[in-house]
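Comments concern the structure below.
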Amino acid sequence: CYHCKLNMQEGDPAVYAERAGYDKLWHPGCFICCTCSELLVDMIYFWKNGNLYCGRHYCDSERPRCAGCDELIFSNEYTLAEGQNWHLKHFCCFDCDCVLAGVTYIMVNDNPVCKSCYMKNHAAV
């Protein structure tokens, strides 16, 4: 078995993945996504750099995912803020929804807030 390295026994069910090549077989329970361990026997699988992936994690390896909407970001313009990727329109003030990409913001209770809302709603007077 390509995953667990145990010998396949004659008569045991085996999974063959055409994209991985003719020399690789898996026990059905070992045919899993390398990221989330989702069972891929009856699913669409992806093969990349010697690893099996479910659809979600293969796509994550190709494109960044927006922390705001959880969708893939296909645009070449997006922002990286607070250690996560965001569509430009989704990184916005928690209070007024104005776009924060490229402007100064303040984190309040783990939420980004624009300077104006911070001064109006959160700053000590």
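Yeah, the Cβs are placed from backbone N, Cα and C, and that goes for glycine too.
What TrEMBL records for this protein:
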- 1-62: domain 'LIM zinc-binding' (DOMAIN)
- 64-124: domain 'LIM zinc-binding' (DOMAIN)
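Across the range of the domain 'LIM zinc-binding' (64-124), the DSSP-based residue counts are 11 helix, 20 strand, 30 coil. Helix, strand and coil counts from DSSP across the domain 'LIM zinc-binding' (1-62) read 14 helix, 12 strand, 36 coil.
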